[in-house]
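K.L.:
First the structure, then my questions, so here it is.
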Amino acid sequence: MPVTKVQPFVHADSELVKGWKNRIILHRFQLLIASSLILMIFLVLGIGLGVGLSCVGKVRCGSSSQCVSAMAQCDGTMDCENHEDELGCVRLSGRSSVLQVQKRGEWRTVCSEEWSNQLGISACKQLGYSRYVESSFISLTSIEQDLQTNLISINYSQAEVIKLQSAATFSKNHCNSGMVTTLRCIECGSRPQYKSRIVGGNISKPGQFPWQVSLHFQREHICGGSIVTSSWILTAAHCVFGFDNASLWTVHAGLTEQLINGARSLAVERIVRHAQYRQKELDYDVALMRLQEPLVFDGFVEPICLPNYGEEFTEGRMCWISGWGTTKENGESSVVLRSATIPLISTKTCNQADVYKGLISPWMICAGYLEGGIDACQGDSGGPLACEDSSVWKLVGVTSWGTGCAEVNKPGVYARVTKALSWIRLQIEREEV
Ligand code: ARG
């Protein structure tokens, strides 16, 4: 019967199919093992390479591949090839500019005993200033609590101190004098040529914002900037992104009206953009310009103070913005320097769903009115958000971005200068030593 003939045939066929299936399964199994092996090798290699390159438990020397132990940081001996481990070892902290020295990766407040002007000059140098104004001493108990705990004094025995951290003695928990050191390196944040009469509208008077500069790219105003030392201008990274050829920029200082043919222009020597700046998120939106010739301060041209480490500027505080930017969205830029006073907005408020919905990073600070109406606009970028602190002006923000201009629930966003401090100091110190 055809059936009996067909049956074994079918049977044989299914045996054959089974064999094939087995072989295919085996093959797949082998493939799986092989690919996971390859994956493992890549993973191990990747992790190994990552560990090798990421200096685990150590600190990288600048952008090189060299790593040194965290304890080698600010220990007074140069371990990195380019001495990066001995940079950024001094800072000014809190409301009263208390001097702190980093020793082996830890920040310590400097007691007043054995302090001298000579040490003051060294400290200012390490902060990136070629000058020094004064040191003064205040009682340990009058400063912020978190600055009171880790103390140090400077043992000044060498004829010439090169770096403060190398003269810093052992850590202690009280100052013999009961006093700590505060430091001033630059006369900044004052307006010696500004006679405050009633300001007509929002057009600025000469000398009202003497730290404000206009940055021209190929003879055209592009952005604002702020004078932080006689040789350095702080601006926004997005102003120079893709335009970092220093020779095409000029800096105009001490003016309120835009000049037709840039008479008082200063050449730019170098532009440093924050390495983590990303065009998409506009995070780390800061850049520095180094001038070829230093500025002369005369009341119409003056530096603004940088805030200190750990200083807080709280919501509702009134500060000033200024610039030659457009007076409405898609408008023309202004011929005269304009200014406005606006309140700071907390990141919590600014990140609300109806405002910027989580776009505000720790490196940003919002300021303006949620009801709209007053704001910075195109062309104001890079310029100052400045706050007056008992008649000293401090740079709190760098004009960065916003959705439209002066729109409801879309206040201005500024790069947060207290976050950028160590980066700024590092760039300047690196150049000045
Ligand atoms: N990105 C602008 C500039 O390049 C500044 C925008 C500020 N916008 C604002 N709404 N606050 O000039």
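Heads up, residue numbers simply count up from 1 along the chain you see.
Glycine too: its Cβ is placed from the backbone N, Cα and C atoms.
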K.L.:
According to TrEMBL, which residue among Cys74, Cys80 is joined to Cys89 by a disulfide bond?
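P.N.:
So the cysteine paired with Cys89 in TrEMBL is Cys74.
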K.L.:
If you pull up TrEMBL, which of Cys55, Cys61 shows a disulphide to Cys67?
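P.N.:
Answer per TrEMBL: Cys55.
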K.L.:
Cys80, Cys175, Cys185: which one closes the disulfide with Cys124 in TrEMBL?
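P.N.:
According to the record, the bonded cysteine is Cys185.
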K.L.:
Which of these, Cys111, Cys188, Cys223, Cys239, shares a disulfide with Cys175 in TrEMBL?
P.N.:
Cys111
K.L.:
Just to be sure I understand, if DSSP states are collapsed into helix, strand and coil, how many residues of the domain 'SRCR' (90-186) fall in each?
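P.N.:
When I sort the residues of the domain 'SRCR' (90-186) into the three classes, I find 20 helix, 37 strand, 40 coil.
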K.L.:
Among the disulfide-bonded residues listed here (Cys55, Cys74, Cys89, Cys111), which has the Cα closest to the Cα of Cys124 (disulfide bond)?
P.N.:
Cys89
K.L.:
Fewest neighbouring Cβ atoms within 10 Å: which of the disulfide-bonded residues Cys67, Cys111?
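P.N.:
Lowest Cβ count within 10 Å among the disulfide-bonded residues (Cys67, Cys111) is Cys67.
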K.L.:
Distance between Cys185 (disulfide bond) and Cys89 (disulfide bond) at the Cα atoms, whole Å?
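P.N.:
Cα-Cα, rounded: 16 Å.
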